[in-house]
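Some features that TrEMBL has for this protein:
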TRANSMEM  A:21-39  transmembrane segment
TRANSMEM  A:77-94  transmembrane segment
TRANSMEM  A:114-134  transmembrane segment
TRANSMEM  A:154-173  transmembrane segment
TRANSMEM  A:180-199  transmembrane segment
TRANSMEM  A:227-249  transmembrane segment
Amino acid sequence: MRATWFFIRKELLESWRSYHLLIIAVVFVIFGIEGPLMAKLTPEILKMASGSGMTIKMTDPTSLDSWQQYYKNMTQIGIYVLAVIFSGTISGEVSRGTLINLVTKGLPRYSVVLAKYIVAYFQWCLALVTAFFINWVYTAYYFSDNKSPNVLTGLWPLLIFGSMFVAVTIFGSALGKSNYLGFLTAVVAFIFLTLLNLFKDVKRYNPISLVTDNMSLVKGTEKISHIMPAVWITILSAVVLVYLAVLLLKHKKL
Amino acid sequence: MHNTDIFMNNLPLFIPLILLEVGLDVAALIHIFRHQNYRTGNRILWVLLTLLVNPIGAILYFVVGRETY
């Protein structure tokens, strides 16, 4: 455990020095500001685009529009930005040969995977929570209505989903030597889960529900208990994937 | 509404957005001019990308363009 703790510190330092933390901070603060901004500007943009020939009746933007922008940004771009940043984390060290010294000096190989997973998941939570709070402040300032009562209920399924998504990326990164394999695995897994959602009976158990049902959770039209099975399956598959990644690295030539 | 009106009405949103993007660009440019070698591309390419494609250029530079030792 001591070794894992030291490796976690090394990972955090690396994330700082390789500018990854800076990029994550800037990108997700931008996303946080962009949500309310796009919610405010969309009626204006549509008005300009439509010209004078026709009139579109636009309702005034509400807090729901702002949160919709947030969840759209997070699930369509945000998680891929994070996947790109995490994707080379194990494969990069293996191809550069930087693990050889540490492992021969007695660093257990499971520590490497565990520490990388913890640090990546920490950054995931940090990124989403930062964007969330900035969005929240602006939304409360610009759209003070009662249309989104359960704001926090929408967020935490997204954080839970991260535990699996990061595990998939780390697992993919342990598979081969290419820096992009982790990203590719994450994308393939996401597409596979999305296709699985075509079957109606699977929806409650599909981890993808954690990132598609956020808006109905915020509105209060859906109870969190409805997707509870998906939450447990997500956590379970995260544990299994991290274990598989440990096994992969154990039998890998460094 | 005119474009300037839209801008002035949403200053609390635009100011931090502009500051962030300019800050990221400056950080990327400083890094580009302090280093001779890049993992991919060359100095002219990265300076142009950083200045013209906002803010993707700077992010791309830090993720794939920066030389790692």
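Note that the numbers count up from 1, one per residue, in the order the chain is shown.
Even glycines carry a Cβ here, placed using N, Cα and C.
By the Cβ criterion (under 8 Å, sequence separation of 6 or more), the transmembrane segment (A:227-249) is in contact with the transmembrane segment (A:154-173), since 3+ such pairs are found. Pairs of Cβ atoms less than 8 Å apart link the transmembrane segment (A:21-39) most often to A:114-134, out of A:114-134, A:154-173, A:180-199. Same-chain residues lying 6 or more positions outside the transmembrane segment (A:114-134) and placing a CB less than 8 Å from one of its CB atoms are 4-5, 7-8, 10-12, 15, 20-21, 24-25, 27-29, 31-33, 35, 70, 73-74, 78, 82, 85-86, 89-90, 155, 158-159, 162-163, 165-167, 169-170, 242, 245-246.
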